[in-house]
Structures are given as structure tokens and as C-alpha cells.
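**Student:** First the structure, then my questions, so here it is.
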């Protein structure tokens, strides 16, 4: 009995083609398909069943030749199976059976793959094409889930790890889940194994060919999923126990790091970057950390530090650091109420001590300011929260006009002594709470500093129209008084200035104690304060030394009653000096040094006004631009000093032999060379500075050339370069002025959020009752700890003495103590074991303990962030990803329909055969009846 032939397509059309060539490839495949079918869609020639291929080899070769001919005629290249020019390896040539198998796996021919896996027992499922890809990799690359599931059921399947990486890179979630269900991932160790580690195990789990996988050797599945921002895949891998190990410190000298650095330093650096790319991925940050805000902030700072260390990868690390900062800003942007904003800014408040006076501690915001996450600090949600804290206990003042606020500031400045008295007497009263508010503290300190500047101005007011005493004159109040006693003594105005300076020194000491020396020196404004106060202190000390020496001389005169008029007697040298006019003083006189230092300190004091300028929207950006300009000037000074010193020494060497032989003293000494070249920058030096009175034209011409080159280099080149740098910095500030200003204002505000510094200078010198109470409480706590420590020490000594006595009398009689000791030892071991177990189960506490409020809020925010990221990704890939998926579905459906059609053809042929047999039997039955 004959059987209807079954039609099998060798290689069907695929819509998963190279970009831009999909239509042509489909047309060629459809053309070949119609060659095997008749006009009515039925097979022209009978084909043998599966597993019987030798008789069909000639037809296969003919079809392959025709396919290649058609493709060449269409003007495109097709990556054919078998040897190629670049990959000509005859030892791995494929049989017709293997080629058919790989074709079916690549183009989604599910029926062919299923039947070949079931019926072809000699089939090598790990056979590879000319590119070294096996059937599993081809099926995964073309998103054929059903074929992938069929192949994963086979034992000894190779390249499973590479197939997983490929599925992750393409974002095929269902295929990733199918591969993760493979027995190779049952223990989870494979998820933490990179291709390089797999090579050490000498297996083909990740093997691609002799050159390695298509992915980097140090990339694990979780790292690749994080790189590709595949949130669902990252979540799946994290549930399987996969984690990204943080790289060791850059300067780590452990054995592992030393070997990697010695073996291949470039590969070691790239592996670090790949790991940090995974750690800085928003997908990994949002799904792996219990506190993603804290993790992202610390990681951004770590990456910024690495950018300054590894200069060759600076751009990569900076990009990753900015990615972490953008992640934090994205979370803050998704907040919908004040509770969520406070959770991000404060962190886990339940595990931390509350802020001062019930004020939020803003621990995360402190970290953001420290790491200069400017967009986070300048975000409207953050600024609104800061503004509410800034006007604490003065909410009505927030909506007032600028005129009303100015009147409040003026009233505080005038009534500052009375407000300080109220706070001393009743620090916990309503007025005391208002004075502890950040805004009132800022106003009080600003008013105090303004008064200090006013004192500096008033101290010099008596000399505005010129001094009444010339430098060569002396003046005294009586005949027995030395002139220096009148000039070196401190006036009442200077005593007020000294009290302000002492108060500021005390405030800085408290700040150093609170912040620590490292944090204190990190702020540049603190360095300015330190320099200003140090110069003031040095000036006053020098002034006091001058007054002390003058007082000693005056005491000698006061002890001698015979000296009635100092102008009519001859004084000793040790006394006479202190009665001389100013022009006869020594250059190193303490009073002269004091006056010079005082002038510098006054300049620095007025420059300190720039600290409070960020509080104003108009002056804040200007102050920021000024600060950036100062930084540019310091950078410029390196090149400037190098060029300046070169010409200064050169011109000095040229003219140092002509002292007295020039029209002026320029360049004859190092000092004159410095003055001449410095003022030449501003066009204030004369050309005749290089002229010699004698006929030494060679030296003079060289001087002209060097002086001209100096002016061209300094004035035309370097100064214009400095102007360009300043202009560029100003433009950067101007382009992002709002963010820069809000960040600077937040730093200013934050300095007044901390506890303390309520009373401004100089009222802070008087200790308040609250400060005395806190001091007594701290002293009491310290004494209790000291006494408790002594008691514990006495108990330990007593136990030690008891044990020593037991050893003397023998241990046999103390079985109870031994049993107690053994029980204590067992209890200690149990405690150690339980503590170890608790540390290992730290990440599982969320399952056993109820989640805290902070965890609930972060969970909500992370959900919103992930959903928003998925929506953005889908909108970006709507034209590309969905189209590819549709193509693959159509391709698989096509083969299924062809298989169903072939099966229906067989059934129809069987029915026709049976019908023919019945029709042929009917005449015979009629004849037999007759």
C-alpha cells in the first residue's frame, strides 16, 4: 500500500534578517519554496521521510546552488553554512543533516527541529556553523522560544551560558526564564561565573570559539542585564541569588588584584569598568539595594574619585557618576507628597536619632551637598522642603514682601542685645524657639558681622580727611608721657573689634570641634575665616607687644621723680626709642607689623561678605561666577609665573652688570626686574628701561627683543587667554545659573540648620544656662561611664584572683565551677553562631520582620521608577522591537501552517486512496452479484 509523500521544507523564509535586507531575503526564500511546490501548492516530487537523506543529496545540492545563484543575481551576500573566506575551517564541515538542523533552528521551523530531535539519534545538537554558533545560540538570537525549550531538554548541551548572555543582551525575558530553568543553573553558582572563570573550569558552558565569547570575559549575566537596563531580567537574576561584586580599591595590593594587574592590566581595568557599569545601572540600583538613595550617592562619589585617579578612563567614570546622580534625581522627581520627600532627604529616620529640636536630620541631603549632587539639591521638591525648614516658626514671613523682610532684619540688628538677653534667660520660651530658627540665626549673624564691618570703618574715620600728626612729629598728653604710650594703646573702638574677633575665634573653635578638622578644612570659606582671624590675632598680639615694651619704658620714667619734662633731659637708648617720631622707628617694629597685618585683615573681612550673597537671587550667581573666576586665575598663575620668572631672571642677567649705567634702575636688581615686568603687564613701564648709556648695542638690542617678546607673550597671549577662560566659566554658570545658585543657597542655609550658634558674635562669649546644663549632663555621663568601667575592672580582677586561688588548691574540687565555665563557653559559642547567622540573614529581615515606613515609601518610589523606565523604553523601541517580534511570530506561524498543510495533504491523499479502492471494488461486487 503506497503512502502519500510528506513535504519538508529545507530552509524556509525568515523575517529575522539583516537590517534593510529582510524583504529581499524573504523573496529569495519564497522563490525557493515555490520551486519545490507545484502551482497548486502540492509537492512536485516525493520526498523521503525524515532520517533518510542520501537519495535526496543531489536535489539538495541543486537547490543550494540555485539559492546562491539567485542571491548573487539580486546583488547581496548571504552568510551560507560551510567554509567561507574569513572562516575557512574544513575540519568542521557540516553534513546535510546538521545544516538542515541549524537552518531550522535559525528560521524557527519548529516541526523540523522537533522531528529531527526525536528521530535523528545520530544528530549532533552541538554542531556549529562557520561562525561557531550552535543551534541554541541561533534560536536565541532569533527569539524562537519553542525551539529553545526543545533544545534545552537535550542532555550535554553546550554554550548554555552564552545563550543566556545573548538572550539578556536582546531583552528576551521569556527565553531568559526558560534558560534559567536549565539544570545547569539549579545551584546558582553559574550565575556568578563569568566566561573567564568558566575557562578555568575547562568546560564549554560559555565557550564560543577559540577566541572566547561574543561578550567580554568578565561579564556575568547580572552585569550584562544591568548594562542593558533590563529590569525584569535583573529582578529574576537577583531572586536567583546573583549579585555584582564591588571591585577592590584601586590601590589594593591583594594577591588577586596583583596577579590580574600583572597578567593583563588593560583587561583588569576593563573588568573594573564593566563591574561599575553594572553597579551604577538604575536597574541594579533600584532592585538590589535596601537604600538605593544612599547607595547611589556613595557610588557617585566613588566613581568621581576614580575619574581623577584613572585619567585614561575619566570620561567613562564621570558618565557613570552622573548616571548615579540622575537616578537619585529621578527618584526625587517621582515624589507625590511631603512624606516621600522627607524619606529621601532624611533616609531611614527610624534607625537614626531625630534632628535637633524635632527638626529633620536631612542626612541624605548632607551627603548630596558633600558630594556636590547639584541637580538633586536644586530640585524643586528639595528646595521646597528646605524653605519650610528655613522659615521655621516664622511661616508668615515667607509670603511677605522684601520691604517687610528688610524691616525685620533692621529690627533684629537694633535689638540684638535685648534678644540675646532674652535667650540667655529663657532659651525654651517662644521667643527662644524663634531665635533658634535658621532664618533668625542667619539674620542675627549677618547683623553682627555688619556691625563688625561698621566698627572697622569707624576705627579709621578719624583719618578720612588725613592725619593731624605728621610722621616726623610727636605728641603727648603730658610732659612725662612717652610718645609710644599714646600710639600703641588700644582705643575703645579697637577693644570692641577685639571682642568681636575673640567671639569669632570661639565660634570657629566650636565648629572645628563639631565638624572635625577634616570637614572643617574641606570648606574654603572656613579657610578664609581662619586666615582672617589668624591675621587679626597676629596684628593684635604685635600691637600688644609694642604697648608692653612702651609700658616698661614708661615705668622707668614714672619711677624717677626727677624727670619732670622729657624734652629737657637726655634719655637712655632703651627709653629714648619709644619717644621718637614714626619715621625713626625700626622697619621691624611690632607696631608697624601690626598695622600692616591689620590692613590685610580688614580687606579679608570685607571679602567675607561674599559668603552671604547666595541668599539673594540677584547677587548669588554673580558671587558664584566670581568664585569660579578666582579658580581660573589660580590655574592661570602657573603658566604666568613660569613665563614671568623666565623673563625676570633673563633680563636681570642681561642688565645686572650695568648698575648706574642705565637711564633708570630697571632690571639692575631682582627687585627692580620684578617691578618693571609686573607693571609692564598694565602698560606702566617705560621703553627706555632697556636703554644703556653706553654704546653696547648688542646688549641693548637683545634687551629690546626680550622685552618685546615678553609684552607680546604676557599681554597679547596670556592675558587674552585668561579673559577667554573667565568668559567660558561665566558662560557655564550663566547656562545653569538656577541650579548653581540654588545649590549655593542650600549650602548657606544648611550651615544654620545645625544645633548651636544661636547667639551671634560677641554674645556667644557669655555661656548661656542651656550650655551650662548641657555641660553638666555630659560631665555626669562621663563620670558614670568612668565609675562603671572601674567597677567592671574590679569584678574582673576579683574573678581572676578567685581562679588563681582555685588553681593553687587544685581543680578537682571545683566541678561546679568547671560545669558553669563549660556552660558559659557553650553559651558564648551559641551567641557567636547566632550573631553570624543573623549577619548572614541580614537581607532576609524584610521577610521575617514587618517593613518599616521608610521601606514602604522606597518600595513605592522604586515601583514608580521602574514602571516609568519601562514605559520610556517601550516608547523608544515601539518601532523596532515590536516589529522584530511580529516578524518572528509570522515566521514560526508560517512553518506551522506549512506543516499542517503537509499533514492535511497526507490525510487527503489517504482519503483519495481509500476512495479509489472502494470505487475499484464496487464493479467487482456488482459482477459477483450478477
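Residue 1 is the first one shown; counting continues down the chain.
Keep in mind that glycine also has a Cβ here, set from the backbone N, Cα and C atoms.
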**Student:** Topology question: in Swiss-Prot, are residue 274 and residue 517 both on one face of the membrane?
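**Tutor:** Going by Swiss-Prot, residue 274 and residue 517 are on the same face of the membrane.
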**Student:** For the set 26, 361, 472, 560, say which residue Swiss-Prot annotates with N-linked glycosylation site.
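**Tutor:** Among 26, 361, 472, 560, the residue Swiss-Prot annotates as N-linked glycosylation site is 560.
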**Student:** Which residue from 158, 196, 321, 814 is recorded in Swiss-Prot as phosphoserine?
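**Tutor:** Swiss-Prot records phosphoserine at 814.
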**Student:** Looking at the candidate ranges 438-458, 564-584, 669-689, 732-752, report the one that Swiss-Prot labels transmembrane segment.
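**Tutor:** From Swiss-Prot, the annotated transmembrane segment range turns out to be 438-458.
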**Student:** Per Swiss-Prot, which of 521-541, 773-793, 815-835, 836-856 is transmembrane segment?
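**Tutor:** Going through 521-541, 773-793, 815-835, 836-856 one by one, Swiss-Prot gives transmembrane segment for 521-541.
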**Student:** Looking at 391-411, 412-432, 706-726, which one is transmembrane segment according to Swiss-Prot?
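**Tutor:** Among 391-411, 412-432, 706-726, the range Swiss-Prot annotates as transmembrane segment is 706-726.
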**Student:** From 340-360, 487-507, 613-633, which range did Swiss-Prot mark with transmembrane segment?
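**Tutor:** Of 340-360, 487-507, 613-633, Swiss-Prot gives transmembrane segment for 487-507.
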**Student:** Applying a 10 Å Cβ distance cut-off over all chains shown, what neighbour count does residue 560 (N-linked glycosylation site) have?
**Tutor:** 11
**Student:** Output the single range from 438-458, 487-507, 636-656, 706-726 maximising the number of Cβ pairs under 8 Å to the transmembrane segment (592-612).
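**Tutor:** Between the candidates 438-458, 487-507, 636-656, 706-726, the best contact partner of the transmembrane segment (592-612) is 438-458.
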**Student:** DSSP-wise, what's the residue breakdown of the repeat 'ANK 1' (96-125) into helix, strand and coil?
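**Tutor:** For that range the per-state counts are 22 helix, 0 strand, 8 coil.
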**Student:** For the topological domain 'Extracellular' (542-591), what's the model's average pLDDT?
**Tutor:** 81
**Student:** For the transmembrane segment (636-656), give me same-chain residues lying six or more residues beyond its boundaries with a C-beta closer than 8 angstroms to one of its C-beta atoms, as numbers and ranges.
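**Tutor:** For the transmembrane segment (636-656), the far contacts come to 662, 666-670, 673-674, 676-678, 690, 692, 699, 702-703, 706-707, 709-710, 713-714, 718, 721-722, 725.
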**Student:** Sort out the residues at least 6 away from either end of the topological domain 'Cytoplasmic' (508-520), same chain, that have Cβ-Cβ distances under 8 Å to it, and list them.
**Tutor:** 526, 529-530, 533, 754, 756-757
**Student:** For a three-state summary based on DSSP, what are the helix, strand and coil counts in the repeat 'ANK 4' (217-246)?
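**Tutor:** Result for the repeat 'ANK 4' (217-246), in helix, strand, coil order: 16 helix, 0 strand, 14 coil.
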